[in-house]
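According to TrEMBL, the features are:
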- 6-33: coiled coil (COILED)
- 80-94: compositional bias 'Basic and acidic residues' (COMPBIAS)
- 95-104: compositional bias 'Polar residues' (COMPBIAS)
- 80-104: region 'Disordered' (REGION)
Amino acid sequence: MAKKNINKIKSELEEAKAKVIALEAEQKLAEETLQKEIGKIYTQIQFKKDKNLSYEEVLSKLKSELTLVKEEEKEQRLAAKKAREEAKQNEAKTQDFSVENHQN
């Protein structure tokens, strides 16, 4: 009886895994569709702002903006890492100092 339950559970688990894979694929497709729609709307807005723009110019501006955002994120991560390292060093110095005081 227990073996049947285990087999049934395994079967249900496999079905659930297949369902998850199908749902993830459906989600990815929905996200891609939304990205395309967002891109179309963004492009329309840019063309309304400047009728002389080309698609290539819109793409170039977006790529430049993305590069700037990525660089800012990288700088923030590096600054946070540096702050953590400095805090660790200060903590280590404080511990060393307290050990020296207890020994004296």
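Using the three backbone atoms N, Cα and C, a Cβ is placed for every residue, glycine included.
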In the same chain, residues at least 6 away from the ends of the coiled coil (6-33) whose Cβ sits under 8 Å of its Cβ atoms read none
For the compositional bias 'Basic and acidic residues' (80-94), jot down how many residues DSSP puts in helix, in strand and in coil.
15 helix, 0 strand, 0 coil
